[in-house]
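Undergrad: Pulled from TrEMBL, these are the listed features:
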TRANSMEM  69-96  transmembrane segment
TRANSMEM  108-129  transmembrane segment
TRANSMEM  201-222  transmembrane segment
TRANSMEM  229-247  transmembrane segment
TRANSMEM  253-270  transmembrane segment
TRANSMEM  291-313  transmembrane segment
TRANSMEM  353-375  transmembrane segment
TRANSMEM  441-463  transmembrane segment
TRANSMEM  469-489  transmembrane segment
Amino acid sequence: MCSALSWVWGSSIAENEEHKMENCAFDNDTDCKKDNISNNSKLSGLKNPTPKEAETNDGMLYSIEDTPAWYTCFALGLQHYLVAIGGIIGLPLLLAPHLCIENDEEGNVARALLISSVFFVSGLCTLLQTTLGIRLPIMQGATFSYLPPTLAILALPHNQCPAPLPEGFMNSSKTLYNDTDGSIVDGAEVWQRRMREVQGAIAVSSILQVVLGFSGAIGFLLRYIGPLTIAPAVALIGLDLFSTASSHAEPQWGIAMFTAFVVVLCSQYLKNIYIPFPIYSKSRKCHTVRVPIFKMFPVLFALISGWILSLIFTETGVFTADTADPSHRARTDLRTSVMINSPWFYFPYPGQWGLPTVTVAGVVGMFAGVLAGFIESIGDYYACARLSGAPNPPQHAINRGIFTEGIGCFLAGVIGTGTATTSFSENIGAIGITRVGSRRVLQVAGGLSVVLGMLTKFGSIFVTIPDPVIGGLFFIAFGMITAVGLSNLQYVDFNCPRFYFELCHFKSKRRDGVF
């Protein structure tokens, strides 16, 4: 049998060891965790090893089961939270005009509440996924997979945006609209009615994902998936996302490239510089520890550097306020209205926009988003496991992850975020850059997303991060994902006749116009 198949079937000893590692990484096994802690203690000789002492042979500062000190964990979690901001705020702002949300004070409040809801649900789903689901250090957030069917629903004739009625109509102080169903409503009801239809489609269609995960159908299909399938799937995820990075960087390529340069500088050229920090412990009292701060926080350094540079150019007038100039989107005051109009505290809850409505056309169309979402997530699971130093996820873990993701999509539907949730490829790329694969760090990031989703005035401060800064980070992160996908080809025996058969079969189909 070809050695390529050894990627799936190994010797009995290696298989037992692999299963043991899988149980440690993906199952909530108390005995396994105790053994892991004991082994780590013997290796390090310390209860809480410093990053320099804890660095593993594969270059990971913290592996999936490691728990950094609370202050380090908070800083690393904040870094992941900031990486996810671009994708999280992008969808609500993109959907706002299609939902008929006006560009006035009331519309800005609606945008702030939508962003708050997306942050809250994303954090909640991240906590569920990292604790009960796939249990990989993976961030959940708003997904573009559901955008095409959502826009199709909002483009239906009964969802066209109505024109406003004359000011003071029916002695109302608010602007009223004659909606497509003939009712006279205010601006809030106009967009909330459309949101309820999107909510119903997302909530009902997510049941398919729950059933596939709960029944184990996804895990069964994975028996027939090898490295020749995973390599192009993961690589294409990264390549496809470069269009998102380009759209963010397009307003100001200089800022985007500067941000990417800072990431490369910190993660590749300053990674071996250890900065001394004073700390206090009961056993050793006041002492210093040397921390590879540039290797641990390259994304955070890049975000802050790009943000400050954009702020300087905004205040000095280098970035014009003229909306016709593309550099306008690089200004730091572009979304200050969201910060000003957002309430201090808001708790997103199911049915906050009213009872979701269900239409057959909406649900059937949303199934396409469901299929695209969980297929992308499976590829992300393999990429995340490889970057975080964990073994390939077993079938039962993937089933559990898809099931939990379905629950998260259902929550997104009933709460009303305008989109479902899926794994965030951006944060997977950040793991490869920082070499921090701790599950606890992503749980902290999820907790921050929940808390700042409720403390909307504070959370909206980070909304002012300019698009080019996010775009520069995305270029590096998506490149990491593509490279991880291609690296799976190392498990393929290129001398195996079966490999040539599959390759010739693929070429013949492509020549016949099948692909």
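Placed from the backbone N, Cα and C atoms, the Cβ positions cover glycine too.
All annotation found in TrEMBL is predicted automatically rather than curated by experts.
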Undergrad: Do we see three or more Cβ pairs under 8 Å linking the transmembrane segment (291-313) and the transmembrane segment (441-463), pairs being at least 6 apart in sequence?
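TA: Checked: the transmembrane segment (291-313) vs the transmembrane segment (441-463), no contact.
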Undergrad: Please figure out which one of 108-129, 353-375, 469-489 racks up the most CB pairs under 8 Å against the transmembrane segment (229-247).
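TA: Comparing 108-129, 353-375, 469-489: 469-489 has the most Cβ pairs near the transmembrane segment (229-247).
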Undergrad: Between the transmembrane segment (201-222) and the stretches 69-96, 108-129, 353-375, 469-489, work out which stretch tops the count of Cβ pairs under 8 Å.
TA: 353-375
Undergrad: Which range wins on Cβ pairs under 8 Å with the transmembrane segment (108-129): 69-96, 253-270, 441-463, 469-489?
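TA: When the Cβ pairs under 8 Å are tallied, 441-463 comes out ahead.
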Undergrad: Counting only CB pairs under 8 A, let me know which of 69-96, 253-270, 469-489 has the most with the transmembrane segment (441-463).
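TA: The stretch with the most close Cβ contacts to the transmembrane segment (441-463) is 69-96.
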